[in-house]
Structure formats: C-alpha cells, structure tokens
Amino acid sequence: MLMVLERNILRLSSRFLRFYSTHLETADRVNLPKVPFYDDDDDDDKIIDQSWDATSIRSENTKSLRIAILGLPNAGKSTLINQLIGRPVCAASSKVQTTRKNSNAIYIEDDTQLIFVDTPGLVTNRDLKKYKLDNTFKTDIDKALKNTDIIGVLQDVSHPNKATIINHRVLAVLNRIEEEIPVLLILNKIDKVRKKLDLLKIVDTLTSEKGWQNFADIFMVSALKADGTDDLRKYLLESAKNRDWEYNRDTVSDEPSEQIIEQTVRAKFMDFMEQELPYMLKVQTEHLGVLPDGSMQTVVAITCPNDRVSKLVMGKGGERVKTVAILAEQELCQVFNTSVKLKIAVKFSKDKDEEDKKKITK
C-alpha cells in the first residue's frame, strides 16, 4: 500500500490530479443489505425485485450516477468494481475474457446510487475466434457508452513496456465518445510499480499527445489491494446527479442469480486450468433453491467436450473440482449475503455408459 506521504506527493506534483475538497464530510459506508432471492421456478430470477416500481422512491435528495468501466482484457475492471461496491458480484479471474457481456453492479450510500457497467475487454477478431466469443463482445462496448454519465478507462501499469501506451483499441473507443461525457484515467496495479514517482512519468505520457489529452481526472489504484479505491468512490458519489434511482435499495446486480453462479464457477475454473481449456467448458445451473432460512442450494453442471478435458476438470482424485467448488461457494456467500451450498456435476462424453456420464462432487 502506498504510504500517505507518497500519495500526497503524487497528488500535489501532478497537474492532472483532482483537488480533493476538505469541506465535505466523509460519509460512513453503509452495511450492504441482503439481496432478495427467488425460487428456481421463477423465470425472472434476478438479484433485483421485478415488482419494484421506480416511481416509489422519488426524493429531491435522491442522486444517481452511471459509470462505464473500459479497458483491455485482464486490466482489472471486474476486480475494481467489486472493490467499489463491496461484494464480488462481477466474476474475476487471472485469465482474459472472464466478463462475457455487459452487466450492472449497484452500490448505494445514503441517498446516492452508483451503477457500474462492467464491460468485456476490448477484443480483436482473432480473440473472438480463439476464445469462441460472440460478436456481441464488440457491440457491448458501444451499448455501455449510451446513457453513461462518466467513463473510466482502466490502464494496467504493471508492465513497464506497456504502462505508457494507450492501446489503439482503447483510443478508437475514446475518439468516438461524446465530448460532454467526462472520462477518467484510472491507473491500476500501482503496487507493481517500485518507484512511485515513476507514476507521474506514466501520467505525463498517457495524457500527452502520445496518449489522450482529454481525461477529466486521474486516479491511481490497486484494485486487488483496495488501495486508492476509497478516493475514487468518494469522487463518484460527489459527482452523482439529482434524479430518481434505477434500482431499489436491496439490488446489487441486474444479472439473474443463475448467471452470477455460473460466471463465478467458470472464473474459478479459469484460475485452475491452463490455456484455452476453461473456454471449452459449458457451465449451466441445473438447480437453484432457497430454503426458509434464506440460505441457498445450487447444482452447477460442467459439460466437457471430451473425456480428456473432463479428467482435467476433475483433477487427480477429484481434487481440482472440489477446490473450485469450495472457492466458488465461499465467494457466492459474499455475493448473496447468505449461506450457499454448491455442488458441481461434471458431465462426461456421450460414448460412456450412462452411469459414468455424470459425477457430482462436493
């Protein structure tokens, strides 16, 4: 974590860093509420109350802000959003293309609602073929920019050779953004930069003619270590506009519960499997139930393309899939703010005998 003195030097030295006001009181973070749950028979099952009427929460003090987070694959977009809202709602892994489509994550503090749009990483046509991605990976970026109040561009500064270069795919998006929309430059993984004053050099280059000169503000964070994220959250809260909320107070995501479960399980397999193997897996929620005490039980099926992949998914003695189930279960408990029991069913290839086609672990 950056020392307080180092952070102050960085802020004072860079003409691009925002002046942090001291006349506003810092609001205490509220405890995150429980999200509503639904039976697995409900086709509209989301972590959002479908019957809720937006007109029921209108107040002259109500504020909201929509923030789209853009960047290259594996820049840390989902990790940053999770830190900002206080829950791992957006699936994150060490591999690229964990996020497969736009999704909204919601954070509420007092009368202010922040809506974070988590976008897929900017990809090439080669990436689409390599990872078997839908063409929506490209169109989702433009959708995220619509009705957005602020755009955050996440720049990974952990690699010295790439830290000072804004990728041409990012620049292409920046150059078609409407001028009235503020764009923030967010340097991520600053804990990997040994000499902290080097961050100023990175900022100077990225905001010069060699980079992009229209950034409204600059932030330096380590999303994984939650360093600098409080400053960013405070800035966004103070930038919110007087208007009605889009979601009720108990909502933390617009994704269906099943989809969040599937994405979480997929992300864990991505951390434990090499190369393109995890992208070959079909992940599907077969059962999701809510018990009277509010706890959840779910079964997720992993369909493998062949026996070789299914054996890799299982691991020696089933250890890999057991580890994935434990880690995914722990994360889902945080997402849903309740006890979650997860079972993973690994489906084998069709040429096996019927009794060998599926094995359930944990």
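Just so you know, glycine gets a Cβ as well, placed from its N, Cα and C.
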Region 'G2' range according to TrEMBL, out of 42-46, 97-101, 207-211: 97-101
Tell me which of 118-121, 146-149, 354-357 corresponds to the region 'G3' entry in TrEMBL. 118-121
Taking 23-30, 71-78, 127-134, 303-310 as the choices, which stretch does TrEMBL tie to region 'G1'? 71-78
Would you please say which range out of 188-191, 328-331, 348-351 has the annotation region 'G4' in TrEMBL? 188-191
